[in-house]
Every structure is written in C-alpha cells, then in structure tokens.
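Participant: Can you read through this structure? Questions will come right after.
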Amino acid sequence: MKAIYYTLAVQFLFVVSAFSQDFDFFYFVQQWPGSYCDTEKSCCYPSTGKPEADFGIHGLWPNYNDGSYPSSCDPSSQFDQSQVSSLLKRMRTEWPTLACPSGDGLKFWSHEWEKHGTCSTLGQHDYFQTALDLKNQANLLQSLTSAGIEPNGNSYTLESIKDAIKQGVGFTPFVECNDDTSGNSQLYQIYLCVDNSASNLIECPTFPHGKCGSQIEFPSF
C-alpha cells in the first residue's frame, strides 16, 4: 500500500512540475513594422487596416538565466477571446499581426498565449494587459526620435540605438536586426527584460544570440 501511495505521489509531483511556471525573467519584445515588411517574405496588413507607424508588441516570453525557455506549459489552456474582450481595441492597435494572409490578430495572440503565456503564472487577461502596459512604459519610438534616430530610411550605429533606448527607458536593450530586400541590416526587434512577477523592467540576465551590421537602417513604414 505504501508503494502505491508513493507512486501516486511521484505521479502527482510530475504533473505539477510539468505545468509549473518556474522561470527567471521575461523578455518583452517589440518589433518595428517597417522592418518586418521590408524583407523578401514581405507582410500583410491586418484586416483592420495598416497599423500605426510605431513599434508593435511581439510577445512577453518567460525565460531562464541560461538562455533556454519554457514553452507550451499547459496544452489544455486555449486562447479565449472572451477573456480579453476589454483589451481587443488596444491589442489591435498595439499588438497587430503582420503575417500573411491578412488576419484579425486572433491566430497571433493564440500562438503567443499558448506557447508563452501558459508558462507565465498570469491569467489570460492579466498576461495581455501586462504586455500592453509595458509597451506604454517602454516607449521605444519616443526614446529613439528624442535622440534624433528617425524611421526615415537612414542608418545609425548599434551603440547609438542602444544608448538612446537606455536613456529613454532606463535599461539596456538587446537589438535584433534582419535584412531588407537589398541585404542591408535593419532595426527589427527590441528586447527588454522584466522580472518574473511581470512587475518591473530589469537589466537582462542574458541576451539572445544574434548580431547587427555596423550600420543599421531604420526604415519608414
């Protein structure tokens, strides 16, 4: 009988650990739509129309200090639009989809919730609300334009971009680049880090891998 209880206890602990959200910090990732679209793959505007010329949210991603990350922590927790009904207007504006074919954002948000949000310890409404609030807190476009870095097709150094964001936001970003249709390095995504309670921006414990060219284009949108 003791062996049965022990086996059941082990199985219970395994299930709990499988769905636990034990992680160290979040990456909060915003992307520049002009760089998403100016690639060989191109883009499709959402069904609601062309987004504003501003950084859009890509996601809020739990991560470990060693650079790995949990993923799809609760397959039974599907995205439920009714949980975020009060946020949909903001989500369409601040978290738009640019994938093809054109869509309403639900597929994008479903992916972000099911892959990353289920590992976050937050409920669906709080997960999306937190990301939207972080975007307001970390106004990347304002930080860049205040430093004279404008989305007009000109090129800037990586250090000038990082310094402008650190000056505006208060924390060191990771800058991800992609290549435009001519092979030029361009400003694509900005990573900032958030503590594991999703309460405060922090200095990143680790950065993703990747590099940018010596000159980084900031394309218009």
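Glycine is no exception: its Cβ is also placed from the backbone N, Cα and C atoms.
Whatever TrEMBL says is automated annotation, not expert-curated.
Got these off TrEMBL a minute ago, pasting:
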- H58: active site (ACT_SITE)
- E112: active site (ACT_SITE)
- H116: active site (ACT_SITE)
- 1-20: signal peptide (SIGNAL)
Participant: Find, for the listed active-site residues H58, H116, the residue with the lowest Cβ contact count at a 10 Å cut-off, counting only other Cβ atoms.
Facilitator: H58
Participant: Can you tell me how far the Cα of E112 (active site) sits from the Cα of H58 (active site), in Å?
Facilitator: 8
Participant: Give the distance between the Cα atoms of H58 (active site) and H116 (active site), rounded to the nearest whole Å.
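Facilitator: A Cα-Cα distance of 11 Å.
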Participant: CB neighbours of E112 (active site) within 10 A?
Facilitator: 20
